[in-house]
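Some features that TrEMBL has for this protein:
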| type | residues | note |
| --- | --- | --- |
| BINDING | Ala74, Phe75, Gly76, Glu154, Asp155 | S-adenosyl-L-methionine binding site |
| TRANSMEM | 118-146 | transmembrane segment |
| TOPO_DOM | 153-164 | topological domain 'Cytoplasmic' |
Amino acid sequence: MGIVAAIGVLSPFPFYYCLWKWPQSWVELCGRGRDPSHVMAHVAHFLKLVQFVSLFSVSSFHWPPPLYFWPLFAFGQFLNFRVYQLLGEAGTYYGVRFGKNIPWVTEFPFGVIKDPQYVGSILSLLACLSWVPFQYILLWVLGYVFMMQVESKEDPSTRAKPLL
C-alpha cells in the first residue's frame, strides 16, 4: 500500500510539468472553443482527489488535533483562497501559459511571499503531520518545491498560441 500511496501523492506533478513545458500541446488537446485553464482545473481537481485518497489510505486520525494544526492549516488555506480570489481560475491554472492576459497583482500575499499558493499548500500539509506519516508529506512537499523551481523559469516564447 505504501508504494501505491506514494504514486498517488506524486501523480499530479508530471501533469503540471508537461503543461508548463508544452502548453501548446494542451491547448490543441483541449480543442477550439474550450478553455484550457478550465479543463486543467477539472483534471487538477481529479488528481487532487487521488492525492487525498492516497494520504487517507496511510493516515491514522485522532481528535483533537495538536495545537499547531489550527494556525498552519488556517493560514495555508487563507493563502490558497487569497491567490484564487486575486487571480481567478485562469491565473491559478496556468492561464498565462495558455496565452491569456493575467493582470499583474501586487496585493498581499503577492510581493510578500514567493509562490503563495504553494506555500499555503505546504503549510496545510505540515498541519497534518500528526495524522499522516512524514514520508508522504515530504513527497508532496518535494513535488511542490519541484514545481516552484520549474515555474520560476518561464520563457514567454514557449507560451501557447490560441487556436484559430
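Every residue, even glycine, has its Cβ placed from backbone N, Cα and C.
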Tertiary neighbours of Glu154 (S-adenosyl-L-methionine binding site) (same chain, Cβ under 8 Å, six or more apart): Val96, Arg97
Neighbour-count leader, CB within 10 A, binding-site residues: Ala74, Phe75, Gly76, Asp155: Gly76
Confidence summary for the topological domain 'Cytoplasmic' (153-164), mean pLDDT rounded: 84
Farthest-apart CA atoms of Ala74, Phe75, Gly76, Glu154, Asp155, residues recorded for S-adenosyl-L-methionine, distance in Å: 34
Positions on the same chain near the topological domain 'Cytoplasmic' (153-164), where near means CB under 8 A and six or more residues out: 21-24, 26-28, 31-32, 36, 96-99
